[in-house]
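According to TrEMBL, the protein carries these features:
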type: DOMAIN; residues: B:33-254; note: domain 'ABC transmembrane type-2'
type: TRANSMEM; residues: B:33-52; note: transmembrane segment
type: TRANSMEM; residues: B:72-91; note: transmembrane segment
type: TRANSMEM; residues: B:112-134; note: transmembrane segment
type: TRANSMEM; residues: B:146-167; note: transmembrane segment
type: TRANSMEM; residues: B:179-196; note: transmembrane segment
type: TRANSMEM; residues: B:234-253; note: transmembrane segment
Amino acid sequence: MIKLQNVTKYYPSALGNQYIFKNLNFEIPSGHNIAILGSNGAGKSTLFRMLAGSEYPNKGKIITDLHLSWPVALTTGIHPQMSGAENARFIGTINGVADLDTYVQRVRKFAELGRKFDLPVNTYSSGMKPRLAFACSIGIDFDVYLIDEVTSVGDAKFRNKTRRALTQKSKNANVIMVSHEMDELRHFCDSAIVLHKGELTFYNDLEQGIAHYQAL
Amino acid sequence: MTTVLKRSNWAIWRDVIFALFVREIRTGFNDRLGLAWAIFQPLSFIFLLSFLRGKMDGGDTHTIPTFEFMMYGMLLIQLFLETLTNCAAAIKKNKSLFAFRQVQPISSVLASALFSLLIKLSVFALIFLIMYFLKMDFKLDDPLFILLNIVTLWMFALSLGLMFAIAQCYVPEISKIQSVLSRPMFFISAVFFSMQDVPKEYWPYLDWNPILHAIELTRHAAYNTYSTEAVSEFYLFFSALVALFFAASIYHISWKQAISR
């Protein structure tokens, strides 16, 4: 269970503070694969980053005892001057992986970068970097994976592979997913949270959520 | 199956700072000159300055060999300036890493500071080694006090750097002010002169500066014959403590908002 307590979040701007959430109280139940639905600018990404601990609310708290991932396939944490292996090791150390060597081996196997895995990331093509990032996050066992449009990673073959890996993961773990592709959401999720005007609504049934979202 | 350790907060801190520190070492020296430059650059400066000053007073400066006199001045001011600049840039530089919940800005600042300290300590060690092999006479009357001064100055720089780093998250232009403010420090911190060269009535214009205290005290620690009439340990330690207190307080109340903008 992830508990949002009195969460207020705004971004300062030239037109005054832009409020995304005001005194939001909400509980995201465990044991569901949840799709987050909302129109552009509704605050999906903000909610996402706050859940991931990349950003913090201006007021209030987000409380959970679950082990949440960082936004999967986010490439910003990858250092361009370090090699793929060094990056994987860095991410493993930060996340407290017990056996780093095995972890790096698994990332190497999953990312399928061949010898490039030992070369600096700035020599990678644009498709290879997200592959590395995805392999790093899927290599760690989290309780909940936060997924932001992840299935657009890499070429068709790798995309299938990520899909399979995530489907496998979603048996033991849960996912919270943001996507505009309903087919994706239907594949991975069973319930939905609709985000509208700073309010969250939970729907136990995904189809019901999608229907409400499309009626907005 | 990847086992993820359940770690205490301290263990997470330690792991993160270690990982960032390794990353810093790995990427800090990426040009071809690399580490050699970090040693050669201050060394050439010390030689130049001691040569110029040595011409004037022939070998000794207020009972210290001129080479060592310049060495303590140069290395300490560089330690201060580099720690300050690296720490002040640390939050911005590693901003993308705060996407990982374990990485907090303070870890990034501490890793940068440790990196700067480590480099300067190695340069110190290397210069002493060179002096040993050149059979130059040198004395270390009070080595512990030298270390204490170095660490105190480092803490002072770290605290100032942390404050600048946080201020930069709110007002990016602060970095320009910081470089304008830090530039004259080289000239007013007794790097290439001693307070004994300055007439007493002008001391108040210079001795507000804790870096000057650190440099003069370190020279005194190496050669007890060197006078410390103008400076005091208490002032140095107290400034570092006050700076640390304010930096820690400012950090504590503002770090979450600073990275959430």
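Cβ atoms here come from the backbone N, Cα and C positions, even for glycine.
Where the annotation comes from TrEMBL, it is an automatic prediction and has not been curated.
A contact between the transmembrane segment (B:146-167) and the transmembrane segment (B:33-52) is absent, since fewer than 3 of their C-beta pairs, 6 or more residues apart, lie under 8 Å.
Annotation: stretch B:72-91 has the most Cβ pairs under 8 Å to the transmembrane segment (B:179-196), among B:33-52, B:72-91, B:234-253. Sequence-distant contacts of the transmembrane segment (B:112-134) (same chain, at least 6 residues past either end, Cβ-Cβ under 8 Å): 17, 21, 24-25, 28, 38-39, 42-43, 46, 67, 71, 75, 78-79, 82-83, 86-87, 89-90, 150-151, 154, 157-158, 161.
Counting same-chain residues at least six beyond the ends of the transmembrane segment (B:234-253), those with a Cβ under 8 angstroms from any Cβ of the stretch are 105-106, 149, 152-153, 155-156, 158-160, 162-163, 166, 207, 210, 213-214, 217.
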